[in-house]
Amino acid sequence: MEDEAEIYDGIRAQFPLTFGKQQKSQTPLEAIHNATRRPTAAGTASSNTNDLPSLSSSSKGWLDSLRNSKNANPNPKFRQDENRGTRGPPPQPSEDEADAMVGPPRPPPGSGGDEDDDDDDDDDDGEVMIGPPRPPPGLGSEDDEVIIGPPPPPAGSSLDESDSEEESQEENRYRIPMSNEIVLKGHTKVVSALAIDHSGSRVLSGSYDYTVRMYDFQGMNSRLQSFRQLEPFEGHQIRNLSWSPTSDRFLCVTGSAQAKIYDRDGLTLGEFVKGDMYIRDLKNTKGHISGLTCGEWHPKTKETILTSSEDGSLRIWDVNDFKSQKQVIKPKLARPGRVPITTCAWDHEGKCIAGGIGDGSIQIWNLKPGWGSRPDIHVEKAHSDDITGLRFSSDGRFLLSRSFDGSLKVWDLRQMKVALKVFDDLPNNYAQTNIAFSPDEELFLTGTSVERESTTGGLLCFYDRAKLELVQRVGISPTCSVVQCAWHPKLNQIFATVGDKSQGGTHVLYDPTLSERGALVCVARAPRKKSMDDFEAQPVIHNPHALPLFRDQPSRKRQREKILKDPLKSHKPELPITGPGHGGRVGATKGSLLTQYLLKQGGMIKETWMEEDPREAILKYADAAAKDPKFIAPAYAQTQPEPVFAKSDSEDEEK
């Protein structure tokens, strides 16, 4: 019976403890977020390697007290290691060399040493002191000597730790979600366009590789793959993407002259018409005649769209009419000509339009009854180079501008003569570099480009709107430039597009304690495991008669018939030309040339030979033939100058 019980126990071990639906093992969220955590400076500042103070910052009294100390080895840890014989200082010197000190002395045992050293042993006199000294515990008392230089830090702390604490306090004050990071990959060149719908569930990214990728946080797993890829115009870069206010459609602006409208699933709804490039006045054209530079959907109205182009015009469109625009806006220029408009923007209410001109000026139009192309606000030479980004504040008081000249400027719309603040040292190499506000608009941020000789990579710079000062610089990529950025208000997550000539992606910064949905949903969703039922063997077709061994050799008769069908191998002569002709040549036509065809269509060449009398047509050459004979008369000119005609017979006349 005992053997039978053991057999049953072994069999029972192969079955589950409970039957029915089994709960799948899941990875804890803490482990998932630890895998996506960003390396921060605070983590490196808490290292024990920087706990030692420098000798230059130590007081003179403290150094003298340590140099004259009789305790040569106050560290009990080395004393224990010496007794064990594992490790420790060099062998004990002789009595004559006991007072000799080699190198800086070690600090006393109670001056901020290792926390693990809890044992206090008696120290031996005369041992050599190795390593830099530590400050004594009572350094700041009144009995100490005069302190020269800055005082040393207290025990168990360092300058780096204090700096990291200040940085962490600053981050906590602004509550920037940047503890974790994921990357949405797929593009092969720099990502130049970014758009997140208002709910935060779908993300659009456009690149210089001519494609648009669509990401869905609700349907995406931890592999972070896009569910659809579009190519609006072959060979044209994607320059801007914009969602409608209802997030049911989005606008795609490329390097071509025609913008496209797609639905939420990526199906084409239509494209705007292209204007006539041979018409000089842009107001008389039905669309743009050169490549687009920017475009945005109206923030309140779902039927209105604004686009800017290299042809030097801004156009307002109605999505229900793709054949013509509603309004054409021509900027004010210092001299006649065409200057490209590099960027455009709506204000928060959609009552104001701003345009960045290629000459560095900023022009603003208020949409009021009877408004025209004359700008209400015109700032000449706002930047020294092309403007790449414009952004209004929600209260309508401030305007941010970004330019190729490596600067970011803050403007007060009530006084636009001089900028409130200019932030320099922001490299910009891409025409789509923009600016973004935080959800509460206390901060605004922008990206920087990577220069050739620069040691820093692409950065994301945060600025305080009230103080107009730099808050923090966040490294996004060591080798790629940061182009577009956005801070979604509902998700509380920061998006930054990066890339170079060979790669591109979208970085998503979030904090599990501050952010909601978005990246938190897809990171925690593991990809589906492959099952044995998913395998499908490819069918293999065996055709032995197709092998040369089993193939029937063709007969000579069939080979001969096949050769006769080939005109080259059979040396078949060319067949004579058959069919109607013109001018005495078979197969020739009178109107074969383009010039003859155009003259014929224009009425210059008239074919009247079918209406003429053939006898009259021949007799009109009789006088010329009598005066200048060419064939028969010259042959008889010497022998018979006078022609002799045959006499008619009487019989013929009677007949």
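Even glycines carry a Cβ here, placed using N, Cα and C.
Values in this document were obtained by computation on a predicted structure and should not be read as measured data.
Annotated region 'Disordered' per TrEMBL: 19-175 (among others), in sequence order.
Summarising the annotation, TrEMBL assigns compositional bias 'Low complexity' to 46-66.
Taken from TrEMBL, the feature compositional bias 'Acidic residues' applies to 113-127 (among others).
TrEMBL lists 160-169 (among others) with the feature compositional bias 'Acidic residues'.
Within its own chain, the repeat 'WD' (184-225) has Cβ neighbours under 8 Å at 231-243, 245, 247, 250, 252-254, 264, 266, 430, 432, 480-481, 483-486, 488, 490-491, 493, 495, 497-508, 517-519, 521-528, counting only residues six or more beyond its boundaries. Taken from TrEMBL, the feature repeat 'WD' covers 184-225 (among others).
Averaged over the repeat 'WD' (285-327), the predicted model reaches a pLDDT of 93. Taken from TrEMBL, the feature repeat 'WD' covers 285-327 (among others).
Residues or ranges marked as repeat 'WD' in TrEMBL: 380-421 (among others). Packing against the repeat 'WD' (380-421) from elsewhere in the chain are residues 334, 342-349, 352, 354-362, 364, 427-437, 441, 444, 446, 463, 465, 468: each is 6 or more residues past its ends and has a CB under 8 Å from a CB in it.
The region 'Disordered' feature in TrEMBL is assigned to 554-585 (among others).
Under the heading compositional bias 'Basic and acidic residues', TrEMBL lists 561-574.
Annotation comment: TrEMBL describes 634-655 (among others) as region 'Disordered'.
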Long-range environment of the compositional bias 'Basic and acidic residues' (561-574) - Cβ separation under 8 angstroms, sequence gap at least 6: none
DSSP helix/strand/coil residue counts for the repeat 'WD' (184-225): 0 helix, 21 strand, 21 coil
Cβ contacts under 8 Å made by the repeat 'WD' (285-327) with residues that lie 6+ beyond its boundaries: 236, 239-240, 242-246, 248-251, 253-259, 261, 269-277, 279, 338-350, 353, 355, 431
DSSP residue counts for the compositional bias 'Basic and acidic residues' (561-574), split into helix, strand and coil: 5 helix, 0 strand, 9 coil
